[in-house]
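K.L.:
Quick paste from TrEMBL:
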TRANSMEM  47-64  transmembrane segment
BINDING   GLY53, ALA55, VAL56, ASN60, LEU417, ASP420, SER421  Na(+) 1 binding site
TRANSMEM  76-94  transmembrane segment
TRANSMEM  115-146  transmembrane segment
DISULFID  CYS158-CYS166  disulfide bond
TRANSMEM  233-253  transmembrane segment
TRANSMEM  262-279  transmembrane segment
TRANSMEM  313-334  transmembrane segment
BINDING   SER320, ASN352  Na(+) 2 binding site
TRANSMEM  346-372  transmembrane segment
TRANSMEM  405-426  transmembrane segment
TRANSMEM  446-469  transmembrane segment
TRANSMEM  481-500  transmembrane segment
TRANSMEM  521-544  transmembrane segment
TRANSMEM  556-581  transmembrane segment
Amino acid sequence: MGMLNLPGFLSCGKKKKDFSLSSEKDAHASDSDENLERGNWSNKADYLLSMVGYAVGLGNVWRFPYLTYQNGGGAFLIPYTLMLALAGLPLFFMECSLGQFASLGPISVWRILPLFQGVGVTMVIISTFVAIYYNVIIAYALYYLFASFQKVLPWSDCFSWADEFCSKTRLISDCNATLNGEIIHANYSFITSNNLTCINDTINYKPVQFPSEQYWNKVALQRSSGLDETGNIVWYLALCLLLSWMIVAAALFKGIKSSGKVVYFTALFPYVILLILLVRGATLEGALDGIEYYIGKESNITKLMEAEVWKDAATQIFYSLSVAWGGLVALSSYNKFHNNCYSDAIFVCVTNCLTSVFAGFAIFSVLGHMAFVLERPVSEVVDSGFDLAFVAYPEALSKLPVSPLWSFLFFFMLLLLGLDSQFATIETLTTTIQDIYPQMMKKLRIPITLGVCILLFFLGLICVTQAGIYWVNLIDHFCAGWGILIAAVLEIIGIVYIYGGNRFIEDIEMMIGKKSCFFWMWWRMCWFFLTPVLLVAILVWSLVTFSTPTYGSVLYPAWGTAVGWCMIIFCVIWIPIVAVVKICKAEGNICQRIVSCCRPTANWGPYLECHRGERYSHVVNPQKEKEHEIPTVSAFTYFRE
């Protein structure tokens, strides 16, 4: 198709009077925007805070500190920083640049390489799965937030819901003692009744559970015995889930124009709370023990010889930065064309990692105090994931004076950390719809956003049944794992080796200005070799070390694991499907068709005509899809329904 000289085509924020397309603006757009069709961020702070909110999430609080103490304390920061430089930052910069250059979402941006457009579909579907269960975790935080509005925290003691195994302290079962010059082994009741003393290192304790653990399982979740026992919908969790979706819908009703203002609070206030918790924790007895356990009196450098440590560092960086989810492309697509996406990527990545380290001090100072009060080693009160957020830390907070206040602050922080990540995830979905149906989104943005939230609410109800926590864990185990790795590997291979890494660098220089060869030396090393090798290594390692998913000591049934595999297959199957459809719709013999699909479409390039220069002077109107772009809609139809 030749170049189309449309008299009414967009020209950098100005519309001509005879504009041939719809003259209505999207809710994203305002008169001051550079791109009047899609809209732009109101200012750079909106964008940066949205990106920070998207990248900084619950994993920064409940996974990074645990990995640090488990993998050599402060020594873990060495592989963590290296993986940031080698894997996290290169992919982050690439995705930000890609979205900003084309001003398109994660599916439409694959005009750059039509054969790989299924990668974008995979990203969007995985983001949908994640959005479903992530809002359930936000619902948990809401429930605990409301439960904190009591004079006595309901998990501070073994109340009516507890069983015989509930205890605030360790209970001695039996031990060795000296009686009439002989060493005997007896139960603890005999020892105490005869005024004997247990010999050190011979004490056995009864299996007990903290009140917070039983409250989490018996009251908050009403947890069933396994995935086989679905049980009923836990009504108060369902209401919290509904409330969380209402908050998300309200924040996104005008797209980035409204969410960009909400993140001033949701992205910044968690840092205030973290600082308050750190200051309070640092003043508690035993806090130093917790911090030393986190970082280590002497970092265990020998841990760096273990492959598992490097794998943990790479996966933590990879997932905490939210690369290959589609969100970075979607959020960056609303930037102005000449925004410095390079400095933005550096700022967001460094902020994300420093937040993880900072959060570790706040968490472990309080856990150290808990260990001091219970006269236990710190290792026995530390956990990760759900157990850290909803068992160990709440238990520690219940030991503090004015515990409801500290509990409220902690769960309010979790709520905010979850919400701004969720905002970006849903914006990824709505951006995808906008790119496919731009005219419809202009007129129906609010109903469509509301409809997406309602649909995902109903899909998430399975996760607030009595077996809900098993579903949350299952989706997280499969969808947020290999699917993202596969998408990331194909993304970097497609852009660097097929589209052309040097060509992509020239695209970036159109936005941020010409840079020296020395400037690009590091990025070329990463994009052409180091990053793809690391990603493939992580993917292979994950597949080789695969184990059947479990939740605590509960094993998943075979059909549950099969469902997990079906979910991941459903996510990635679109990559070959879309590739085959593209090849079938192309012209020529099979080789010519493949070559054609490995070239950018005729409408690939900067969205606005004034930004194209000589390199993209041939580009047609992005609103006029070529025929072989139509499968984008077809691939998305199943997902949309």
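Cβ from N, Cα, C; glycine included.
Note that the structure is predicted; figures quoted are calculated from it, not measured.
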K.L.:
Take the C-beta pairs under 8 A between the transmembrane segment (346-372) and each of 262-279, 405-426, 521-544. Which stretch has the highest count?
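P.N.:
It is 262-279 that shares the most Cβ pairs under 8 Å with the transmembrane segment (346-372).
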K.L.:
For the recorded positions listed here (VAL56, CYS158), which one has the lowest count of neighbouring CB atoms within 10 Å of its own CB?
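P.N.:
Each of the recorded positions VAL56, CYS158 was scored; lowest Cβ tally within 10 Å is CYS158.
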K.L.:
Reported as an integer number of Å, what is the Cα distance between ASP420 (Na(+) 1 binding site) and ASN352 (Na(+) 2 binding site)?
P.N.:
14
K.L.:
Taking just the CA atoms, what is the gap between CYS158 (disulfide bond) and LEU417 (Na(+) 1 binding site) in Å?
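P.N.:
So the Cα of LEU417 (Na(+) 1 binding site) lies 30 Å away from that of CYS158 (disulfide bond).
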K.L.:
Name them in sequence order: residues not among GLY53, ALA55, VAL56, ASN60, LEU417, ASP420, SER421 whose Cβ is within 8 Å of the mean position of the Cβ atoms defining the Na(+) 1 site.
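P.N.:
Along the chain, the qualifying residues are VAL52, TYR54, GLY57, LEU58, ALA267, PRO270, ASN352, GLY418.
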K.L.:
Examine the transmembrane segment (76-94) against the transmembrane segment (556-581) and state whether at least 3 Cβ pairs sit under 8 A, considering only residue pairs 6 or more apart.
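P.N.:
Judged by the Cβ rule, the two regions do not touch, with the required three close pairs absent.
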K.L.:
Give residue numbers and ranges for long-range contacts of the transmembrane segment (446-469): same chain, 6 or more residues beyond its ends, CB-CB under 8 A.
P.N.:
27, 128, 131-133, 135-136, 139, 221-224, 226-234, 237-238, 241-242, 245-246, 248-249, 252-255, 386, 426, 429-430, 433, 440, 475, 551
K.L.:
Express the distance between the Cα positions of SER320 (Na(+) 2 binding site) and ALA55 (Na(+) 1 binding site) as a whole number of Å.
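P.N.:
With the alpha carbons as reference points, the distance is 6 Å.
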K.L.:
Where else in the chain does the transmembrane segment (521-544) make close Cβ contacts, counting only residues six or more beyond its ends and a cut-off under 8 Å?
P.N.:
83, 85-87, 89-91, 93-94, 307, 311, 314-315, 318, 481-482, 485-486, 488-489, 492-493, 495-496, 501, 505
K.L.:
Count the Cβ pairs between the transmembrane segment (556-581) and the transmembrane segment (262-279) that lie under 8 angstroms and are 6 or more residues apart in sequence, then report whether there are at least 3.
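P.N.:
They do not touch: fewer than three Cβ pairs between the two stretches lie under 8 Å.
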K.L.:
If I restrict to non-local contacts, at least six residues apart, and a C-beta distance under 8 angstroms, what lies near LEU417 (Na(+) 1 binding site) in its own chain?
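P.N.:
Long-range Cβ contacts: VAL56, GLY57, LEU58, ASN60, VAL61, PRO270.
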K.L.:
Using a Cβ-Cβ cut-off under 8 angstroms and a sequence gap of six or more, which residues of the chain neighbour ASN352 (Na(+) 2 binding site)?
P.N.:
VAL52, ALA55, VAL56, ASN60, SER320, LEU321
